[in-house]
Amino acid sequence: MLSFRDLYFSGRSDFAPCFYDNGAGSSNGNMGLFSISEDTSVGSHVYTLNGSDPEGEPVTYDMTFDKGSKEYFSVEPKSGNVTLIQTLDREVQDEIVAFVTITDGRNKVVENVRVFITDANDEKPEFLDLPLVVDVPEDAASGSSIYRVQAVDRDLGSGGSVTYYLQSTPSTKFTIDGHSGALRIRSGESLDYEVSRTHFVTVVAKDGGGKYHGKYQVMTSTAIITINVLDTQDSPPVFVATPYFGFVYEVSVPGSEIFTVSAKDGDQNNPNTMHYSILSGSDGFFSINSTSGCISLTSFPVQLRNELYELQVKAAEVGADRFSDYSVTTVTVRVVDLNNHPPTFYDENGPQNCFELSMYEHPPEGEILRGLKITVNDSDQGANAKFRLLLVGPSRVLRVVPQTVLNEAQVTIIVENSSAIDYEKYQFLTFKLLAVEINTPERFSATAEIVINLLDTNDNIPKFSSEFYIARIPENSPGGSNLVSVTATDPDSGLWGEVKYSIYGSGADLSSTVLFHPCTHDLIVYHCGLCEENESSLCANYLHLCVFQNGLKGPMAAFLMQSRDNPMKALGLAISIITVIVLVTVMISTIMYFRNTKSNRIKPARRIIRRRPKEPRRWTFRPWFGRSDLSFGKFFTDDETRDNTYHSSPRAKPPAPSAPVLPPPPPSERLRSVPTVSGSLASRNTSRSSSWRTSKNGSGISSALVSELKMRIEQKINEANQGYYY
């Protein structure tokens, strides 16, 4: 079968389906780290197999077991529902090995899963060494330990812990230690062989309680201890109820009772007192009470270096000659779940603290980094083997599953943010994979480094150093003249980062590299194309302005930029503005002509009062080049200018009005003088000179207007260009 990498790069689309790995505690997925309580009822729906096919094909599910093993589950092929079909018993079998299958009809994926059977409180404590019979010499000291009751519960956790108590009777002479089960003579009481040779005591063993079928229950067992009172004897001592086993728990403290040994004198008629001592095996961590035989812890459990200790305990009779006969027995002390194994990361070659992978940039989100083969393990048991996985590095780029592990798990790294895995930003990414114990005092941890070397792909387009380029060149420049140099870059590596240039647009056939064209248009726009191999083109704009340069700002500059692909639009605007200026000039000249003609008519009055000639009305062109929108300007008469001045300065006094200058007469009309009161006529030369000056002044208005307009436009263009280039 092709690997995921081969399928990805070969372009094939027929991928195998896959299970969802939802980790421990999930009720659907691939049953990885799935656990089920032993008290689950037969016929219960316990899990749902869940997966998908990359091509969206329907999938079916199945489950098989090793040949010869009991089949505990059944699977509905379409829905993936898993049903329990056999009764579970953790004390008989605490783990089920199964094979789950998902198929799309063509491709089949099989995964090996282990289903853990969790404990329920379904077992009662069971007494060891039944029947319980104790021989106690009649001279045993008050408060001394005479026996150690032992009961075991095969349940785990609190359901497997056992405590003891005696069913009280008014005349009882004994008491029992609730944790160690040590049976003692009650303080202030004594035994008398002559009074009572046998005593019967009922002891109760109770577990710590737990749930069973959803209900909390505590289970107990009872046993009767037969205590035979012996007469004093002279035989060597004999240890009672061997072999001896003791336990050290994580909650134990210095001084805690671990176990109590008991020995009796072989001489029943006249027994001697016992003296207990530890000969070897304690390594300084245990001590024994010389009288009671109670073995105690002298250090904290975390300081113990071994998980198993074998103590050699001596019991000697104390007689008239000090120590006479003695016996030796072995007491085995087990340290329960000593947390001395930190989590460890492995690959196929053993323990590792660094994992490296090479991959292409921008992988699909949700993709599993299958090149990383990481396993994490903690060799401790129970809560000491539970730890959490953390991935430390760039935020929300990758994520790790599962997040919580019990004992061992396969570590999976999944892409979460594809855009952040960018070769142009980082050539490699580094992450820290942490495994930290959750509920242990030591909080052991392990760290592994994950280094991802990124490989480049062609994921960037070339980019010009500017969105447009501006060039100015005389219209008589010869062919082959350099016009402008454009620059573009592509951040990709290798051939993908090499760029090639091309040019297109109106007149692009005049040059293969940089285009030149005489100023036969107000705006010429060329497009300079840029492309790279196996990649689409990117265009930038090249502008050549003949009259209005690119230094213009405001709405006019925005209009020119918007019209760079349609130069006729800009040309039309310029023609429209010039046409409006000419029409306004003609209209003003016509109005002035008719006004002057009317004032020069000869009226029937006998007297003609000649008015004082008014000063010629001067027209002022006030351009708006100071504004950001580059309007062409506005016309003001002297009156309007004075009016504006008056309003802007309240103290200024407006000048006296004057008559306008006469417009020039029509070409076909002969020059004539105006008659005076005396009837004399002005000379022809004078009239001709006056009329010529009038005509010259009238026509000079429009000429001066156009000249001033042209001068001011050229001035503002130069100022705009200087502002742009600086």
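Using N, Cα and C of the backbone, Cβ positions are placed for all residues, glycine too.
In TrEMBL, annotation is done automatically, which means it is predicted and not curated.
Per TrEMBL, these features apply:
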DOMAIN    34-127  domain 'Cadherin'
DOMAIN    128-239  domain 'Cadherin'
DOMAIN    240-345  domain 'Cadherin'
DOMAIN    351-464  domain 'Cadherin'
DOMAIN    465-516  domain 'Cadherin'
REGION    642-699  region 'Disordered'
COMPBIAS  652-668  compositional bias 'Pro residues'
COMPBIAS  673-699  compositional bias 'Low complexity'
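The DSSP breakdown of the domain 'Cadherin' (240-345), given as helix, strand and coil counts, is 3 helix, 56 strand, 47 coil.
Across the residues of the domain 'Cadherin' (128-239), the predicted structure has a mean pLDDT of 89. Taking H, G and I as helix, E and B as strand and the rest as coil, DSSP gives the domain 'Cadherin' (351-464) the counts 4 helix, 58 strand, 52 coil.
DSSP assignment over the domain 'Cadherin' (128-239) gives 4 helix, 55 strand, 53 coil.
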